[in-house]
Structure formats: structure tokens, C-alpha cells
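Take this structure, written in C-alpha cells, and hold onto it; I'll ask about it next.
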Amino acid sequence: MGEMNGEGQIEVLENDIRTLRKQLQEKVQQLKTLKKHFQKNCITKLNNDEIARYSRQIILSEIGVQGQLKLKKASVLVVGAGGLGCPAALYLAGAGIGRIGVLDYDEVELTNLHRQLLHTEATVGLTKVTSVQSYLEQLNSQIEIETHHAQLTSENALALLEPYDVVVDATDNVATRYLLNDACVLLRKPLVSGSALQLEGQLTVYNYRGGPCYRCLFPTPPPPESVTNCGDGGVLGAITGVIGALQALETIKIILSNEGVLAGRLLLFDGQQSAFRNLKLRPKKPTCAVCSEAPTLTKLIDYEQFCGMRATDKDAALTLLEPCERISVRDYHDGWLAAGRDHLLVDVRNANQYEMCQLPGAPVNVPIEDILSNRRTEELLARAQQAQLPVYVVCRRGNDSQLAVRHLAPLFRERNLPAPRDLIGGLHAWTKTIDPNFPIY
């Protein structure tokens, strides 16, 4: 009987705790709303909490009270809540930017956590903008954090960017860079652009006080197959931290109208050597399609079509080969691997990635760089000629393998050998279709 009473008491207490937690959340939300209302109606002076919080930067001659008020009145949109966006948003929030918008279409994944440090294991599966908002609101409850869980497109870009003073480009694909550039030029807003790949980073400011825009320097996009993002090429988290923090710094300097803004200059960071370099960029192009006196581009266009690639870094798939030059992972598995038929499988990932995981069947590792530079093509040709076996090529996502097949096919035909074939979708397709326990990265 006593045991039943104990269980009943536990249930009552648990219900009470749930009720109290709900009430607490409601009170916290009321407090946030009240603070935001107070902040919006008190932008001409700093309160005691703000003076204490920002005192270490207010005492700088470059900032002062008036500078802090400028930061309080300012609004910044951070496009991308990843490796660059996280540190940029973090330092902007810490500095007291009054209103910060965070735009991202993605959800938090385990692969993000080594470099996107506003996200945690507890927020895996949540939208990135929700994760960032939660962190920043705990850091600084006196500022306003707006979230936009959406993919930036030609249809929504102008409306999303228009309410903000400065835009931070923390994205990882070419199409979005062109879109952001053109939208910022049309809206007359400065664009703080950063990028990070492997152990290197870059930073500049476009469309600021007569400086060049992105199109002035790059009027036409690069070939899709030549573009590498951090998902394919890799990146060290500390590199994105450095560049993202510097993006916040440039944004703050713009808001304060301070000297030294990186307009017309490109900052290069070499993480391997811990070295910074500043390069002078070409001036604003008089015939630029979007920022010249007589622009030919006066509205946003289809940037995926313009660049020949998707405006996302999520498993962007190239189609470089004819269907007869490719094979699905299912057909390869059932028709060759599981059937035990002799063949040669070539894995074109680099040695580090190859060491992480390999398909069964003892594939030969020949990195794509060694194929495209012909360093090891003779080795492959000799092996194929000696064995007289069909050759299949695999990579991580099915893009580099197509480049390899396109390069190797004419060389194979010259020796009267059947051209190699590409495994569609690469190892990602293998995990999704054949073996869900195969590592994905």
C-alpha cells in the first residue's frame, strides 16, 4: 500500500514539475518580449547592464558610447549558420548588434560539430537557425535574434535582405555568392564575404564606398567541375573560426564607419604557416553587369542556371557522362560484386579518405589528382590491359568519378580497351541503397 502511495506521490511531483516548467517558459518568454520592447524604445542611451557588459570595448577610442549606440541600432543578416556563420554571429551578438538575422535552410548534423561551434550534440536534428538562436539568446538576452529557415532564392532574396544594414556571406557555394552580390548591389548594402577551405581562408568586403562587387572580379562563374567546397575538400574548424571572427570584425567596422574596411582588398590566411597577406583587388569595373553606371542586370536571375550548379552544398550532383558510361550501385552490387564476377574497382578519393573506409572487393586507390595529371594513368592502363577486366570508378559522391571516367575513356579506347564506368552517386549512394552501416561523411 505504501509502495502505491509512493508511486502516486512521484507522479504528482512529476506533474507539478512539468506545470512549473511550462509556467517558467512562459515567464521567460514574457521577459524576453518585455526586454525587446524596452530595447526598441530605448536606443538613444545605454542602460547600466549594457555599460557593464560592453565596457571593455566602449573604452576603446574607436568605439566609445556613441559607437556602442551605433552597434545597438544596427541590424545584420548572417546568411549561412555553418562554419563561418557561427563565429560571425557569435561575435556580432557579443558586440551588441541590436538585431541579428540568421538565414539557413539546413539542419544540424554530427559532421557539423567540429567547426560549427554554436551547435551541440543536443541540437543535432534541429534547424541550424533554431540552434543558433538558442545559443545567442543565452549569451545576450538584450539583443534581438531573428531566424529565417529558408533557402535563399531569387524570389525571396530582396525581401529577406532589405530590412538589414549589412549582409554577411557565410555560404559555401558559387550560385549563392552571385545571388547575394547582385541583391546587395540592387539594395545598396555592403556585403562581407568570407570563405574557408582546407587550411586556408579568404575575406573581403564588396559593394562598399565605391569598391568593386563580386561580379567586377568574377563576371562569369567557374566550371562546375572545378568548384570544391569544404564538404568535398575538407576544412579545419579553426580556419572557419578565424575567418568568421574577421567577418564580424569587418561588419563592426562598417557599422562604426571606421577606417580600414577590407573593400578593394582581399585578405588571405594560410593556416599551415599562420600567415596573413593583403592583396589589392582590381577597382570597380566600369562595365560591370550589375554595379556600373549603365547596368545590364537590373533584377535577380536564375543563379543555378547561370552557374550550372545548385545553390546548395548538400550532395550537389554533376552529370558529365552519358547513361551508358555509368552504372547504379545496385546494378554494380548485384551484377558484379555479389555475383563474384572479376573486375577492377578504382577508388579516386585521396589517401586520407580511402583510409577511412573502402568498398568490399579490394579497390585500387588512385586519387583523382593523379589521374587528371596523368601521373598514374599508365599504371591503370597497364593493369587493365594485363587483366582484361572491366573497370569501374567510385568516389565519395559520384562527381570525381565522372571526371576520372571522362579523362580515362579516350585513353582506354586508344588501346582497344572498354571504357571505365562510373558508380552513380558514389559511396553516399552505396550507404543509402546497399549498406546503411557503411560510414558516411
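Note: Cβ is positioned from N, Cα and C throughout, glycine not excepted.
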Kindly point out which candidate in K70, K72, K73, K128 is recorded by Swiss-Prot as part of the ATP site with G83, D104, T111, N112, L113, H114, R115, D172, N173.
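When Swiss-Prot describes the ATP site, the candidate it includes is K128.
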Please tell me which one of the recorded positions listed here (C213, C216, C230, C288) sits closest to T111 (ATP binding site), measuring Cα to Cα?
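Nearest listed residue in space: C230.
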Out of L113, C213, C230, C288, C395, which has the highest number of nearby Cβ atoms, where nearby means within 10 Å of its Cβ, if these are the recorded positions?
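Answer returned by the neighbour count: C395.
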Work out, from DSSP, the number of helix, strand and coil residues along the domain 'Rhodanese' (339-439).
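Summed over the domain 'Rhodanese' (339-439), the classes give 45 helix, 13 strand, 43 coil.
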For C216 (Zn(2+) binding site), which residues in the same chain are close in space, meaning a Cβ under 8 Å from its Cβ, but six or more apart along the sequence?
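Spatial neighbours, sequence-distant, of C216 (Zn(2+) binding site): R282, P283, K284, K285, C288, C291.
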What is the set of residues, excluding C213, C216, C288, C291, whose C-beta falls within 8 angstroms of the centroid of the C-beta atoms at the Zn(2+) site?
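What remains near the Cβ centre is N181, V185, Y206, N207, P212, Y214, R215, K284, K285, A289, V290, S292.
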For L113 (ATP binding site), which DSSP three-state class applies?
coil
